[in-house]
Each structure stands twice: as structure tokens, then as C-alpha cells.
Amino acid sequence: MAKLLLFLLPAILGLLIPRSAVALGTNYLLSGQTLNTDGHLKNGDFDLVMQNDCNLVLYNGNWQSNTANNGRDCKLTLTDYGELVIKNGDGSTVWRSRAKSVKGNYAAVLHPDGRLVVFGPSVFKIDPWVPGLNSLRFRNIPFTDNLLFSGQVLYGDGRLTAKNHQLVMQGDCNLVLYGGKYGWQSNTHGNGEHCFLRLNHKGELIIKDDDFRTIWSSSSSSKQGDYVLILQDDGFAVIYGPAIWETSSKRSIADVGEDDG
């Protein structure tokens, strides 16, 4: 299991991402990707479903788009401006989140506390598919979670995992991304003791040692807010933020009313 601790210190980090097809059962949707009819995003007991009645429902999270029977063959898409849009099979817009920001790469993440949150744009990227100073070969390590939120920490061989890719805060103080063609590392092995990795509230990843001395930083500081580091299925580690929209309705999904934002 990844070792995640909530710290009171602020920090941030951001990454860019390619637009691959989303797989059913994953916990995030990237800009340009589509959740088709009967598609799911899942995280623990929470399940976001683009239902065949055209209603987007977050089960156990008490939220819905209230668009039942408003279309057929509906699809959910995240735009390059961070807006979630449901479109009918004929291409007409059925619902939108109405939360638009600057053009960039965004991620809609099903948070472990049961909220759907849109983060972006991306501010930092680790690329294991190109050669360079930080390259290193792949080796097998056990899998765990793929998300790190602002204020959370990885330490003592804690890791994020996605398919055959793993981002590990090693005990030797080196941050290593295993996978891709070349892998990646922070080149900080032996530079401190009891090191931990933290994502702050300005989109920056920071490695600190036991004395809180900064060992490494992504140097991706942005504006204050909530960010998320996603280890994607394609092997890229990307930081998105700040959060620009989230589900907030507490009423039952059985209730019917106006569109939520």
C-alpha cells in the first residue's frame, strides 16, 4: 500500500498528458477523452456512471446531472477548458458543468472521498519514454494507488502504481518512476535520510529529508489551490490543478431537479 499521510504544510506539482482512450473502471478522465454510455469511473465504493438513460450518476456520492431521459447514446467528455459536457447521440449538448478555465490539459478525478473534481491545467510532467540524465531501467515492484493529492506524502518506499508503471519514493531518498522505455529518477539517492515526497498546494512536488531540508523540487509552483498528481496508465506522471469544479450536491440521486454545477 502507498503510504499517504496528510501534512499541514503547503505544496504543488503538475504534469502534461497524452490523450489515450479511457478504460472502464479507471478513476480519472483526461481532456479529450470520452466516457461512453454505460462507462464507469470508480474509486473504492464510489461509482460514476454515464447511464443509458443519459443521466450521469455518482453512486454513494449523492450526485447526479439530472438529465435522465434527455437523450440516447449519451457521452461525457472533458474539454480542453476544463468543462465537463454530456452530449446526445446526435451531437447536441444535454448538460455541462459550466466551469471553464484557460485552455490546457485537465483531469476529472473521482476523489476517494466521493467527489468528482476537475483539476487543471497541468503544470509539470515526468516522461519515462525519452532518454536523458534521469533514465534508468525498469524493475518489478508491487502495485498500489495512482493518485497523490495536495498535502499528501509518500515515504519509506511508498509508491503510486498504474498498470506496469510505478512511482516510488525510495528509502535511499531517490524518487524513481519505473516503466516506460527509459524510466526516470530524481537523481537524489543518498542525499538524505528518512526522505518523503509531498505535493503542495501550489502544484509543486518536493522531496524533503528528516530535518525538513529540501532535497529536490519539480520547480512547478503555480497559484494556490488543490492539485493532484496522477500516475497515468500511459506511464506519464502529471500534476493537474488547481481544482476548478466539483460535485457538491448532497441530495439523493433519486431526487429530480435543475442541473447541478
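Glycine is no exception: its Cβ is also placed from the backbone N, Cα and C atoms.
What Swiss-Prot lists as signal peptide is 1-23.
Per-residue pLDDT, averaged over the domain 'Bulb-type lectin 1' (26-131), rounds to 92. Taken from Swiss-Prot, the feature domain 'Bulb-type lectin 1' applies to 26-131, supported by sequence analysis.
G183 (beta-D-mannose binding site) has a Cβ environment of 21 other Cβ atoms inside 10 Å. The beta-D-mannose binding site annotation in Swiss-Prot covers 51-55, Y59, 63-64, 170-174, Y178, 182-185.
For the motif 'Carbohydrate-binding motif 1' (51-59), residue counts in helix, strand and coil come to 0 helix, 4 strand, 5 coil, using DSSP. If you look up Swiss-Prot, you'll see 51-59 marked as motif 'Carbohydrate-binding motif 1'.
The Cβ of C74 (disulfide bond) has 25 other Cβ atoms within 10 Å, all protein chains considered. DSSP gives C74 (disulfide bond) a coil state; it is part of no helix or strand. Sequence annotations record features per position, and here Swiss-Prot assigns disulfide bond to C54-C74 (among others).
For 145-252, the entry in Swiss-Prot reads domain 'Bulb-type lectin 2', with the evidence type sequence analysis. Assigned with DSSP, the residues of the domain 'Bulb-type lectin 2' (145-252) fall into helix, strand and coil as follows: 0 helix, 48 strand, 60 coil.
Per Swiss-Prot, motif 'Carbohydrate-binding motif 2' is recorded for 170-178.
Swiss-Prot lists C173-C195 (among others) with the feature disulfide bond. Long-range Cβ neighbours of C195 (disulfide bond) (same chain, at least 6 residues apart, Cβ-Cβ under 8 Å): Y155, M169, C173, T188, I207, K208, D209, D210, I215.
Sequence-distant contacts of Q51 (beta-D-mannose binding site), defined by Cβ-Cβ distance under 8 angstroms and a gap of at least six in the same chain, are T37, D38, V57, A68. Secondary structure of the domain 'Bulb-type lectin 1' (26-131), assigned with DSSP and counted as helix (H, G, I), strand (E, B) and coil, comes to 0 helix, 45 strand, 61 coil. Considering only the binding-site residues C54, W63, G171, N174, the residue whose Cα is spatially closest to the Cα of C74 (disulfide bond) is C54. Counting every protein chain shown, the Cβ of W63 (beta-D-mannose binding site) has 24 other Cβ atoms within 10 Å.
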